[in-house]
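Undergrad: I am attaching a structure below and will ask some questions about it afterwards.
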Amino acid sequence: MQIKLANPRGFCAGVDRAIEIVNRALEVFGPPIYVRHEVVHNKFVVEDLRNRGAIFVEELDQVPDDVIVIFSAHGVSQAVRSEAAGRGLKVFDATCPLVTKVHIEVARYSRDGRECILIGHAGHPEVEGTMGQYDASNGGAIYLVEDEKDVAELQVRNPERLAFVTQTTLSMDDTSRVIDALRTRFPAIGGPRKDDICYATQNRQDAVKQLADECDVVLVVGSPNSSNSNRLRELAERMATPAYLIDGAEDLQRSWFDGVERIGITAGASAPEVLVRGVIQQLQAWGATGADELAGREENITFSMPKELRVRSLL
């Protein structure tokens, strides 16, 4: 058995920044540091930060007064921001800047009196935060659609004053079909100048397609609640390549590799490389050889830290 590695894979710039914000806050201010929602959707990362003194909560009413709170990479609604400000909580915002871009678009549509359609998955924290940027007090509305069926059933108030945005971690192929359905049903609909699906999601989906084309089975390292990791598994499966989503080496089953010659490995944007290395080691212990990276797109994007943490960390 030969191992092939997708390129790129694993951490993106937004995840790197979010984890570093929690780490630096712990270094500068000391524990406990409260984090609203898992800062990124990866069990290993969250457990490591928890062991260092981060406390993860789902709502601000679980946070005591006079503590530091970090908003996760997925972003929060305006209501959550107002609640934190009203309580005087000290907040560091780890929202991915590419998610913030979508938030700004939604807020602009709201101010302009345009209804907004969000393409995304119900219940995902990014979707909840994005929908919470729309102020419906002026009579507008924001709608959530997941697929073409939702588009066909959607009733809007004014199809001439309509715009769409998307969750950043969706399948590019699925989203393209939904956008086509929206443009067919609502010809006047507006949208972002550039696709809202982030560069890291696009790059990892392109890479897993190449991997699935060259391998007999694909392993996606990522947690079950990671949207982008699930999309990678789905993409490989659509190419008729068996694919498994695993948190790490402990989830591997030897029977998956019966009769397999080429094993492909990728990782979601919130999965650290140490987990990939653990998977490689286990496969090599079972007789697999090599760990060759496929040619891929180089990523050199970085996002700046909040000023206070950046300055303090240099003292």
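Heads up, the Cβ atoms here are built off N, Cα and C, so glycines get one too.
Pasting the relevant annotations from Swiss-Prot:
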type	residues	note
ACT_SITE	Glu126	active site, proton donor
BINDING	Cys12, Cys96, Cys198	[4Fe-4S] cluster binding site
BINDING	His41, His74, His124, Ser226, Ser227, Asn228, Ser270	dimethylallyl diphosphate binding site
BINDING	His41, His74, His124, Thr168, Ser226, Ser227, Asn228, Ser270	(2E)-4-hydroxy-3-methylbut-2-enyl diphosphate binding site
BINDING	His41, His74, His124, Ser226, Ser227, Asn228, Ser270	isopentenyl diphosphate binding site
Undergrad: Compute all pairwise C-alpha distances among His41, His74, His124, Thr168, Ser226, Ser227, Asn228, Ser270, the residues listed as binding (2E)-4-hydroxy-3-methylbut-2-enyl diphosphate, and give the largest one in whole angstrom.
TA: 15
Undergrad: Looking only at Cβ atoms, how many others are within 10 Å of the one on His124 (dimethylallyl diphosphate binding site)?
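TA: That number is 17.
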Undergrad: Please list, in sequence order, every residue of the chain apart from His41, His74, His124, Ser226, Ser227, Asn228, Ser270 whose Cβ lies within 8 Å of the Cβ centroid of the dimethylallyl diphosphate site.
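TA: For the dimethylallyl diphosphate site, the extra neighbours are Val40, Glu126, Thr169, Asn225, Ser229, Gly268, Ala269.
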Undergrad: Is it possible to get the count of other C-beta atoms within 10 angstroms of the C-beta of His74 (dimethylallyl diphosphate binding site)?
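TA: Result for His74 (dimethylallyl diphosphate binding site): 28 neighbouring Cβ atoms inside 10 Å.
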Undergrad: Among the binding-site residues His41, His74, Ser226, Ser227, which ones place their C-alpha within 10 angstroms of the C-alpha of Cys96 ([4Fe-4S] cluster binding site)?
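TA: His74, listed in sequence order.
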Undergrad: Can you grab the distance from Ser270 (dimethylallyl diphosphate binding site) over to Cys12 ([4Fe-4S] cluster binding site)? Cα atoms, rounded to a whole Å.
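TA: Ser270 (dimethylallyl diphosphate binding site) and Cys12 ([4Fe-4S] cluster binding site) have their Cα atoms 7 Å apart.
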Undergrad: Cβ distance under 8 Å to Ser227 (dimethylallyl diphosphate binding site), same chain, sequence separation 6 or more: which residues?
TA: His41, His121, His124, Glu126, Gln167, Thr169, Leu170
